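**Student:** The structure under discussion is supplied below as structure tokens; questions concerning it will follow.
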Amino acid sequence: MLIAESETRFYGFIRAASVGLTHIISIAFPVFIAFLSLPGTSVFSWHPFLMTVAFGFFMTEAILLFSPHGSLLKRFPHKTKGRVHWILQSLCGSCAVLGLAAIYYNKYLNGKAHFTSWHGLLGLITVCVVCVQSLAAVPLIYHSLAKGWSLAKLKRYHAASGLVTFLLGCTSLLLGLCSSWFTESVGGHAWYLAAICPALSALIIMNQVSSAYVAKKRLQS
């Protein structure tokens, strides 16, 4: 019994530390990219900054709101968390669309082809998915719009699709770190340290969502 309790405390500490680390990454990584890109110095400079803020900060924090181990609104009711989640996701979508517009306009000014790399293609898909995901979440706020669908089922589908969207965003960020702009600015150990940020956030968020789903299945069985 004592061993089981100590193991539970140990795993709880690990999860809390992981979420705390993700909070730090969600701030440190966008700040690092802002330092490199210097947003406002050129049209292109807005692209990496806005995309990193969108997925590295707003979307990450929007999901972490529901973490039982490190939510910044842990003592608030679920309805309040849902509203703040919606606001953060709206800001994420706005930044993502503006970031996409910035790189599109920059390529237009320089006479370059659009969406020719894996980073560009996946980035376009990710922004489109974010917009669709945001619109699909409206019935969660106004449940009367989803006749014939239970709220529990809508939440389950939203969590699963949201995780896929977040993983797409993290993958886009990782591919962006392989771009000529970033590799020319950062090299060596600093590049690997930067790459760990979205990769680690993706793993921790994936564990949070999957653990919550497994816990609900156990309660229902």
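The backbone N, Cα and C atoms fix where each Cβ goes, and this holds for glycine too.
Predicted automatically and left uncurated, TrEMBL annotations should be read as such.
Since we're looking at a predicted model, the values are computed, not measured.
So TrEMBL lists the following for this protein:
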type: TRANSMEM; residues: 12-38; note: transmembrane segment
type: DOMAIN; residues: 13-216; note: domain 'Cytochrome b561'
type: TRANSMEM; residues: 44-66; note: transmembrane segment
type: TRANSMEM; residues: 86-105; note: transmembrane segment
type: TRANSMEM; residues: 117-142; note: transmembrane segment
type: TRANSMEM; residues: 163-183; note: transmembrane segment
type: TRANSMEM; residues: 189-215; note: transmembrane segment
**Student:** Given the transmembrane segment (117-142), which of the listed stretches 12-38, 44-66, 86-105, 163-183, 189-215 has the most Cβ pairs that are under 8 Å apart from it?
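**Tutor:** Between the candidates 12-38, 44-66, 86-105, 163-183, 189-215, the best contact partner of the transmembrane segment (117-142) is 163-183.
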**Student:** What is the average pLDDT across the domain 'Cytochrome b561' (13-216)?
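**Tutor:** Averaged over the domain 'Cytochrome b561' (13-216), the predicted model reaches a pLDDT of 92.
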